[in-house]
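S.K.: OK, Swiss-Prot features for this one:
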BINDING   Tyr39, Gly64, Cys65, Ser66, Asp89, Asn90, Asp117, Ile118, Asn132, Arg199  S-adenosyl-L-methionine binding site
Amino acid sequence: MSHRDTLFSAPIARLGDWTFDERVAEVFPDMIQRSVPGYSNIISMIGMLAERFVQPNTQVYDLGCSLGAATLSVRRNIRHEHCRIIAVDNSPAMIERCRRHIDAYKAPTPVEVVEGDIRDITIENASMVVLNFTLQFLEPAERQALLDKIYLGLNPGGALVLSEKFSFEDAKVGELLFNMHHDFKRANGYSELEISQKRSMLENVMLTDSVETHKARLRKAGFEHSELWFQCFNFGSLVALKAGVAA
């Protein structure tokens, strides 16, 4: 059961850096719905992409799976036999709840839930990889190496879904979308104190990139095609395609 997010409703004397701990995991479904515009749409459409790209006898990776929302969306939409989903997160609290969520919904496609560092996971025989608001929590210097590894592990015709919070090279546009996101959180019941305290905790651990920077990394990794397929304010999702025809 998810609880309402009130983690930052009272002043916190010492704000440390953000962690996906037990307290965050407990309120995460409410938190992300009220904080990330378009999140439900992205989750639903990841399932639609899975229906299009997942191939029989291949694997799907959900890297930074949190509570398993993207994993479940993929599994509901797989139309082939002998597929497997590997869901990975480094937060013990998230993984514990993810396993419970996955087990609560029965489906023929098996899911392996792994507690671990996504940088250490071997990607192989993949028809689809999902990075749903995950890359932004890696050090910028480590992001290219992960994308390189994903590209190598994808089969020809495979797809990477990369959802992120964006920064903008045009400062005026960036300010507008930042303020609209602020309005979105206020409209969802967050106070100025809650918004400010959460932002202070995230600013050192969530480092955002522009869409242009993401596309440049994807090209460098080898992806022949990439495009923004969803955006709401300063949040969105890209799809990157590996050339070739799925076997």
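Using N, Cα and C of the backbone, Cβ positions are placed for all residues, glycine too.
Keep in mind it's a predicted model, so treat the numbers as computed, not measured.
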S.K.: Return the maximum Cα to Cα distance in Å (whole number) over the record's S-adenosyl-L-methionine-binding residues: Tyr39, Gly64, Cys65, Ser66, Asp89, Asn90, Asp117, Ile118, Asn132, Arg199.
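M.R.: Farthest-apart Cα atoms in Tyr39, Gly64, Cys65, Ser66, Asp89, Asn90, Asp117, Ile118, Asn132, Arg199 are separated by 25 Å.
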S.K.: Could you tell me which three-state DSSP class Tyr39 (S-adenosyl-L-methionine binding site) falls into?
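M.R.: Tyr39 (S-adenosyl-L-methionine binding site) sits in a helix per DSSP.
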S.K.: For a quick check of packing: other C-beta atoms within 10 Å of the C-beta of Asp117 (S-adenosyl-L-methionine binding site), how many?
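M.R.: A count of 11.
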S.K.: Among all chains shown, work out which of the binding-site residues Tyr39, Cys65 has the most CB atoms within 10 A of its CB.
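M.R.: Highest number of other Cβ atoms within 10 Å: Cys65.
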S.K.: For Asn132 (S-adenosyl-L-methionine binding site), what residues in its own chain, 6 or more apart in sequence, show a Cβ-Cβ distance under 8 Å?
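M.R.: Spatial neighbours, sequence-distant, of Asn132 (S-adenosyl-L-methionine binding site): Ile42, Ile43, Ile46, Asp62, Gly64, Ser66, Ala69, Ala70, Val161, Ser163, Ser237.
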